[in-house]
Amino acid sequence: MKTYNNPTKENWNALTKRPAIDQKELGDLVTSIIENVKSKGNLALKEYALQFDKVTLNELTVSKEEIEKAKTSVPQELKDAIQLAYGNIYTFHTSQQTTEAVIETVKGVKCWRKSVGIEKVGLYIPGGSAPLFSTILMLGIPTKIAACKEVILCTPPSKDGTINPAILFTADLVGITKIYKAGGAQAIAAMAVGTETIPQVYKIFGPGNQYVTKAKELIQQMGVAIDMPAGPSEVLVIADRTCNPEFVAADLLSQAEHGPDSQVVLLSDSEETLTKCKIAVERQVQLLPRKDTALKALENSTAIVFKNMVECIEFSNQYAPEHLIIASENANQYVNDITNAGSVFLGNYSCESAGDYASGTNHTLPTNGFAKNYSGVSLDSFVKKITFQELNQQGIENIGEAIEIMAEAEGLFAHKNAVTLRLNEIRNDRN
Ligand SMILES: NC(=O)c1ccc[n+]([C@@H]2O[C@H](COP(=O)([O-])OP(=O)(O)OC[C@H]3O[C@@H](n4cnc5c(N)ncnc54)[C@H](O)[C@@H]3O)[C@@H](O)[C@H]2O)c1
Ligand SMILES: N[C@H](CO)Cc1c[nH]c[nH+]1
Ligand SMILES: [Zn+2]
């Protein structure tokens, strides 16, 4: 981790940059992948599976037999853990359901909203370097609560053409049966345009690497919606003297191990605390099975001492981290000062892994500074809010004249007429 001491504000911007593949090269590659999937369908998916996932696929669809077999091979202990996480995620996301009131804005004019589940949704479940079955809970559970009619899932196959059993078990648990062996940008393209096998959807959800995230950005131009840019994982930890440096180190490494392009940031108002945390990182990283990946991520990462906690929070708001941990006994004191973050973890016992797996919040979150303008996935992501209105004669009489005046001022006489005809009819009936 590169260390900085009280950087001046002019240098803050540079310190918020995330590691990234050359954007021109990435854009060209992903555009060609999307074009190929559009023109060649399944054949392109099979060619990319060979090129990127090193597997020859005969079938893209996961069969019922594969799902049944996988269900028997997941250890009971893991099934129970998934079930516990399921319960908490279900509880938290169900609590996001709201009943919208019918509002009478003036006498005779009623307005209200209704949430309707998006009919066709596609979930991307990352599987390049780790089989993220936990992401199925995060995306699949809200589709059930929102009552989305058609839910499909794409995930990359392993080299032997199989899908990790825990992915299939979890998909089955949330009721997803249409599962396809496709990863990367090509999977996103397939769900956006449809192929002989994979149905086209209206909205695509899910995190992924830079190829996946670029594909999600590009397919929006084709009229398909996405949840938000949820790319390589990141965490920013603000640690003061009351933190536990070993906990802080473990939290930093928990995101560093996701991928070489992950970034972790440590801020402190105490140089001594920062040093203790860094020493703990150096020791703990040596013990990790994914040490090489974590070490690469640490090369992209920074540790910064600021004058005080106010500056730490200010920098964090500018960085807009996917995850923000406030490792302090006084964490709650800073809550109102946080303006940009995907998900926040308060105090020494709120490890980021809790949100990744089992506390109940969603782990599909905006990265790369997009926490400035996007929220993470929630129940809302899976519904559209349709507005309804009902005016009676009294209602159109109450607002009709204002509409006529406004329509005329905009030069839109057909709009005005739609009101005038009704008002005339009401007046004629009365006479
Ligand atoms: N922001 C979030 O909410 C969130 C949540 C979970 C995971 N993540 C992130 O998701 C990512 C998962 O990445 P992953 O790579 O393990 O899995 P992935 O499933 O996102 O990507 C794997 C696919 O990438 C494609 N690919 C690999 N190398 C390629 C290349 N050189 N050119 C074109 N395509 C290529 C392949 O098709 C492969 O199937 C990690 O960065 C992780 O941090 C983010
Ligand atoms: N930390 C990831 C989001 O950036 C989510 C995840 C899944 N499994 C483990 N972690
Ligand atoms: Zn994680």
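Every residue, even glycine, has its Cβ placed from backbone N, Cα and C.
Annotation source TrEMBL lists active site, proton acceptor at E322, H323. Positions annotated as NAD(+) binding site by TrEMBL: Y124, Q186, N209. Annotated substrate binding site per TrEMBL: S233, Q255, H258, H323, D356, E410, H415, in sequence order. Per TrEMBL, Zn(2+) binding site is recorded for Q255, H258, D356, H415.
Q255 (substrate binding site) falls within a helix when secondary structure is assigned with DSSP.
With a cut-off of 8 Å between CB atoms and residues at least 6 apart in sequence, the same chain places S129, A130, P232, S233, T293, A297 near H258 (substrate binding site), listed in sequence order. Taken in sequence order, the recorded positions S233, H323, D356, E410 that lie near ligand 2, meaning a CB under 6 Å from one of its atoms, are S233, D356. For S233 (substrate binding site), the Cβ neighbour count at a 10 Å cut-off comes to 24, with all displayed protein chains included. Annotated pair H323 (active site, proton acceptor) and Q186 (NAD(+) binding site), C-alpha to C-alpha distance, rounded: 28 Å. Ranked by Cα separation from E322 (active site, proton acceptor), the binding-site residues Q186, N209, D356, E410, H415 are led by D356.
The Cβ centroid of Y124, Q186, N209 marks the NAD(+) site; residues of that chain outside this set whose Cβ lies within 8 Å of it are P126, G128, C154, P156, G183, G184, A185, A187, I188, G208, Y211, V212, A215, given in sequence order.
The two recorded residues, Y124 (NAD(+) binding site) and H415 (substrate binding site), show a Cα separation of 44 Å. Counting neighbouring Cβ atoms within 10 Å of each of the binding-site residues (N209, Q255), the lowest count belongs to N209. The CA atom of D356 (substrate binding site) is located 26 Å away from the CA atom of Q186 (NAD(+) binding site). Of the listed recorded positions H323, H415, the Cβ environment within 10 Å is emptiest of other Cβ atoms at H415.
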